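Each remark here refers to the structure printed beneath this line.
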Amino acid sequence: MSTVSSDPAHAKKSRNSRKALKQKNEIVESSPVSDKGKETKSFEKDLMEMQAMLEKMKIEKEKTEDLLKEKDEILRKKEVEQEKLKTELKKLQKMKEFKPNMTFAFSQSLAQTEEEKKGKKKKKDCAETKRPSTPYILWCKDNWNEVKKQNPEADFKETSNILGAKWKGISAEEKKPYEEKYQADKEAYLQVITKEKREREAMKLLDDEQKQKTAMELLDQYLHFVQEAEHDNKKKAKKIKDPLKPKQPISAYLIYANERRAALKGENKSVIEVAKMAGEEWKNLSEEKKAPYDQMAKKNKEIYLQEMEGYKRTKEEEAMSQKKEEEEFMKLHKQEALQLLKKKEKTDNIIKKTKETAKNKKKNENVDPNKPKKPTSSYFLFCKDARKSVLEEHPGINNSTVTAHISLKWMELGEEEKQVYNSKAAELMEAYKKEVEEYNKTKTSS
């Protein structure tokens, strides 16, 4: 009995357990549905990302298309410009050659620079062109060995320090011979170097100015040439005839034709008919009738030859005078260049002096105003006299050209004429020396 009663209970338990299993199975079956939801969400996300990427690609494509269009437009414009240039080049090739009517100093300046470069190498070897040693260095050369004997263990720096200390303790009388030697060496050095250097710098300044002027002149000439070429339009440029040149004499036939032209024109005939009739008449004319016309032509030829001789002489004289003018012009230009350099040197000296005055202000304050001033030189005395005449000869010129003209006049002045100014300068110098002596006496007595 117990076995029977236990079976249904066991069966119920087993059923309950089956139901529980079904519930588990339901839970297991419900999990794939949730996974599908997640998958759809991720797919939508991917789709959105893909759409965004496509939009970006579309925008980039549009941008690249725009860039390509711009590049195509630039290329098209360049092609149009090239075509224009080709046509302009063809026009220029057809045009006559541009020949500037001016002389250029570029080749000359280049040659000068080449010579200067060669000259520099030679000058380096010369002892005269070496910079003079200062009084201190000259003294060091004389006393180096003595200091070395006294201090054999001292190196270069220590030796130079000892010499520097000794130099400071030396009196002015002991320094004087070294200073005098330095001044003499300096004068010799400046005589060798200064003239060439100053002229070179002056010519460089002038060369820069001339380059600017020639560039402007060249531009004006080229613009004028282009206008003429456009105006001519493939026609050959007519030669400019000299109005002063004698005209060639006409032949005996032309003299006869000119006489007959008036009579034949009165018959209401054309120019060609008149020329034909005059030619036939001249052919049929006898030698006796032709003779007076031949004599007239011969006389005209003789007059023409005489006039041509005179014309050639005047042309030669003009060429000679032009050559002289060019030489004078070159001299004047050189003087102008030197004046420019002097101005530059003056400005440099002013800058130096301002620096020196700042240092030596105390010394300058103690300078006596009653001390006699040095007299002007013979050249400056000449300048005072020549300035008026130069301004009268060349009105409206600037100061630099005035000084250039004056310096040229001084250079061309004879020794006798220069002696007048030299003697005046000497008199002024003697008077100055006397004034200095008197000034020194009064200073010592006070």
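Placement of Cβ uses the backbone N, Cα and C atoms for every residue, glycine included.
The region 'Disordered' annotation in Swiss-Prot covers 1-43 (among others).
Per Swiss-Prot, the feature compositional bias 'Basic residues' maps to 11-22.
Annotation source Swiss-Prot lists region 'Disordered' at 110-130 (among others).
Among the features that Swiss-Prot reports, DNA-binding region is placed at 129-197 (among others).
Summarising the annotation, Swiss-Prot assigns DNA-binding region to 246-312 (among others). According to DSSP, the secondary structure content of the DNA-binding region (246-312) in residues is 54 helix, 0 strand, 13 coil.
According to Swiss-Prot, the region 'Disordered' annotation covers 349-377 (among others).
The compositional bias 'Basic and acidic residues' annotation in Swiss-Prot covers 349-371.
According to Swiss-Prot, the DNA-binding region annotation covers 372-440 (among others). Computed over the DNA-binding region (372-440), the whole-number mean pLDDT of the model equals 87.
When the DNA-binding region (129-197) is classified with DSSP, helix, strand and coil residues number 56 helix, 0 strand, 13 coil.
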